[in-house]
Amino acid sequence: MKKVLVLHGINLNMFGKRDPAHYGTTTLKEIDARISEWAAELGFEVECFQTNHEGEMASRIHAAHEENVDAVVINAGAWTHYSYGIADALAILKAPIVEVHMSNIHAREEFRHHSVIAGLAKGQICGFGVDSYHLGLIAASNLIKVEN
């Protein structure tokens with residue numbers, strides 16, 4: 001069975017509590033439950049991983065390379081805008097990457113408009129709340145089909 005790794009970056013464990021105007025009131029636990037349901041509907045295995053520690057995220061990405069995951073969906077949170085370490089780790093992957101964000105990063109503060117991950121990703125989905133993850137999983141599923 002194909003496997004997709006969903007990565008949640010810094011501060012995303014605070015979904016449901018942090019800035020509901022941008023992120024809504026759905027918790028990360030609820031988001032991960034939906035992700036599992038959507039993955040089952042799409043016919044692949046999924047693992048969700050969240051950390052607030054950049055080195056742990058890089059290590060999980062390195063492990064994904066060794067595991068030959070079939071696709072990665074990532075919401076790196078604020079790391080999106082400045083973490084060359086996360087970007088360098090992602091560059092190692094052979095699997096397609098889909099970047100997602102709950103809020104529209106291009107309609108927010110200027111510093112959020114730039115993504116150091118975007119150039120590595122097959123595409124970016126943002127601004128659709130929790131549905132950004134659903135759309136990201138659909139994109140990952142389609143990319144897996146195309147690449148196999």
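Cβ coordinates are placed from backbone N, Cα and C, and glycine is handled just like the others.
Here Swiss-Prot flags Y23 as active site, proton acceptor. Remark: Y23 (active site, proton acceptor) has F15, G16, M102, S103, G129 as non-local neighbours, by Cβ distance under 8 Å and separation of at least 6 in sequence. According to DSSP, Y23 (active site, proton acceptor) is assigned to a helical segment.
Residues annotated as active site, proton donor in Swiss-Prot: H101. Under the DSSP three-state reduction, H101 (active site, proton donor) is assigned to strand. With a 10 A radius on its CB, H101 (active site, proton donor) counts 26 other CB atoms from all the protein chains.
Sequence annotations record features per position, and here Swiss-Prot assigns substrate binding site to N75, H81, D88, M102, S103, R112 based on sequence analysis. Packing around R112 (substrate binding site) is summarised by its Cβ count: 17 other Cβ atoms lie within 10 angstroms of its Cβ, all protein chains included. Reduced to three states, the DSSP call for R112 (substrate binding site) is helix.
In the three-state DSSP scheme, R18 (site 'Transition state stabilizer') is classed as coil. Residues or ranges marked as site 'Transition state stabilizer' in Swiss-Prot (evidence: sequence analysis): R18.
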Cβ atoms near R18 (site 'Transition state stabilizer') (within 10 Å, other residues, all chains): 11
To the nearest Å, how far is the Cα of H101 (active site, proton donor) from the Cα of D88 (substrate binding site)? 20
